[in-house]
Amino acid sequence: MNATAENIQTETRTPLVEMRDISIAFGGIKAVDHASVSLYPGEVVGLLGHNGAGKSTLIKILSGAYPRDGGSIMINGEEANINNPRDAKSYGIETIYQTLALADNVDAAANLFLGRELLTPWGTLDDAAMEAAARKVMGRLNPNFRRFKEPVKALSGGQRQSVAIARAILFNARILIMDEPTAALGPQETAQVGELIKELKKDGIGIFLISHDIHDVFDLADRVTVMKNGQVVGSARTTDVTKDEVLGMIILGKCPPGAVPGPGAARL
Amino acid sequence: MNQISQTSAGPGLVEEGAVRRFLRATEIDTRMLGMFGALILIWMGFQIYGIVYNGNGAFLTYRNLWNLSVQTSSIAVMATGMVLIIVTRHIDLSVGSVLGITAMLMGVFQVWVLPQYLGLGHPMIWVLTVLFGLAVGTLIGAFHGVLIAYLQIPSFIVTLGGLLVWRGAAWWVARGETISPVDANFALIGGGPYGSIGYWGTWFVALLGCVAVVLMLASGRRQRARFGFPLRPVWAEVFLAAISAALIVGAAFIANEYFWPVGIVKQYAAANNITIPEGGLNISHGFAIPVLIAAFVCIAMTFLATRTRFGRYVFAIGGNPEAAELAGINTKRMTMLIFALMGFLVGISATISSARLNSATNALGQFDELYVIAATVIGGTSLAGGMGTIYGAMLGAVVMQSLQSGMVLVGFDSAVQQMVVGGVLVVAVWLDTIYQRRVK
């Protein structure tokens, strides 16, 4: 009874993001097959699944990197028209890609503001202002960061990752997509990212967290959605399921009683 | 602002030699220093070779240096555009042929078409011709860009096709006929005694240049001080200003020390009722107009590449095209615009080349693509994309042209010339890869 009551309660709120029946195929292979996920303000949703389960692809549709073949995306209950990364950004969707997607040959500030440069009144690049803003945001994320003048190619993996994260939070995102945000980070920096996620949650930002590390996800996420072979196995609150049950969802596609099954759930 | 007065390198680099400290304080690019060194070696080499084997060092003369500057202009202008093309991981093999067709069309336009409507020698002919040429170049470049960006045909193929197509078209415009002479005003763009700005004009431009350098250094410093960033030491700023001013003044001096040939002076004196005094009349050439055009293009392109969004996107695309796209940059449109800009610059070079030759021929600009690409690459633009500077390409153009005209001057066979230029290109890129590895 409790579970149903809660479901009704959540459904009365308007989700920040609702992706419905999303499909995309690459050369006949259905990378994402009628997948639906939702995200509420101030919520962290972990997207889990094997390599090739379709979680990164699904999220790239939301960030505008891939055009979808079918389905719809609702932002704040209204149909959103996302055809490229510019569209996504205009809806306040920021993404930290697994590959980081940094331009290696320019410095941190240029990367932070790539596509949204600060300009002087004469229409030229205001590099000094951008560097100042970069110093501020990097100071919050990675206080030891000093290498503002060097191309990001010269930075360590962790420093590069903090540049990518800084870029996502710099522009007051409402929806944040983090694809393996801690993959290149040491334990201390990973903890810092965890703190950051909690802070952003408090500001009412919705976060999709994609990770292969189930422990990370359980620590940070409010809900998990598991994908397998391009389909959603099921979604569950992290309080309603155990790690073993989620592992079962990932590996076997077996939906436990505490989860809402999706189209990809194994018929038992 | 004092707490960040230390530069970003960190404590590991405190113990370093005087040379390194000097380079770091002045932020001089060591690669550029190397290129300057190579240039001086080449110049000295030809001079000494000339003295030893020909009995006179013809290279380091006012006359030759002035000629060198004019000869470099056309290639240098195109090299600045090639930097952006190569930085974005493309190539343009068609610039020589596009120069040919553009020059031919301009020739036909100003010699066959315009005089019919305006009358021969009308003062607007050169203006309309130049605008027409720039438009033709830009359109051809934009057309290449559309094929490359939107139809996704590799730039190598599109411009290789263009190399043949436009060269053929250049012949076809006038069935191979040479169009000459061009409009008298138009011809001034190519340089020559009348196409130069003279003694006082040259000193005025030099003064302007010096003032601009000082203002630029000052505004850069003010800008950094505003946000409390580390500043260069004052002595380094003064040194940079002094060295730049010395180069500008030196160039002005050389240009002014090259006097008009006696024949032209006589002609000029007769036309203006001047009696030539005992011992001859020395009239300075001063900076040639094509050189000023090239210098202006260099400044404008440097500005575009380093101070504008457009330039920032060019480099971002070169560093990681996918990241640029994900950051919301319209990479297709950018590619199209970059090729259109290249076409525009080819239009400028076509103007300079045909004006200098005082005619348009269908062979104009042949092999220019190779010199332009060589100048760009020698100037430090990486074929892997993402790296390159405008001033480097300009210097590269001077290096290439010095080799070329130096060998002509000391009397090398054209066969040997080709072999040397080819060899130098390969060696220069090899040295650059070594440099790159060591920097990493």
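Every residue, even glycine, has its Cβ placed from backbone N, Cα and C.
Nobody curates TrEMBL annotations by hand; they come from automatic prediction.
Feature annotations, reproduced from TrEMBL:
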TRANSMEM  B:33-53  transmembrane segment
TRANSMEM  B:65-86  transmembrane segment
TRANSMEM  B:93-113  transmembrane segment
TRANSMEM  B:125-149  transmembrane segment
TRANSMEM  B:156-174  transmembrane segment
TRANSMEM  B:194-217  transmembrane segment
TRANSMEM  B:238-255  transmembrane segment
TRANSMEM  B:287-305  transmembrane segment
TRANSMEM  B:336-358  transmembrane segment
TRANSMEM  B:370-394  transmembrane segment
TRANSMEM  B:406-431  transmembrane segment
Dominant neighbour of the transmembrane segment (B:33-53) in B:125-149, B:156-174, B:336-358, B:406-431, by Cβ pairs under 8 Å: B:406-431
Seg_contact(the transmembrane segment (B:370-394), the transmembrane segment (B:65-86)) with at least 3 CB pairs under 8 angstroms, min sep 6: yes
Annotated stretches the transmembrane segment (B:65-86) and the transmembrane segment (B:125-149) touching (3 or more Cβ pairs under 8 Å): no
Stretch of maximal Cβ-Cβ contact with the transmembrane segment (B:156-174) [cut-off: under 8 Å; candidates B:93-113, B:194-217, B:336-358]: B:93-113
Same-chain residues at least 6 beyond the ends of the transmembrane segment (B:336-358) whose Cβ lies under 8 Å from its Cβ atoms: 70, 73-75, 77-78, 80-82, 84-85, 88, 90, 92, 95, 98-100, 102-103, 106-107, 129-130, 133-142, 144-146, 148-150, 155, 180-182, 186-192, 195, 290, 293-294, 297, 310, 314, 364-365, 368
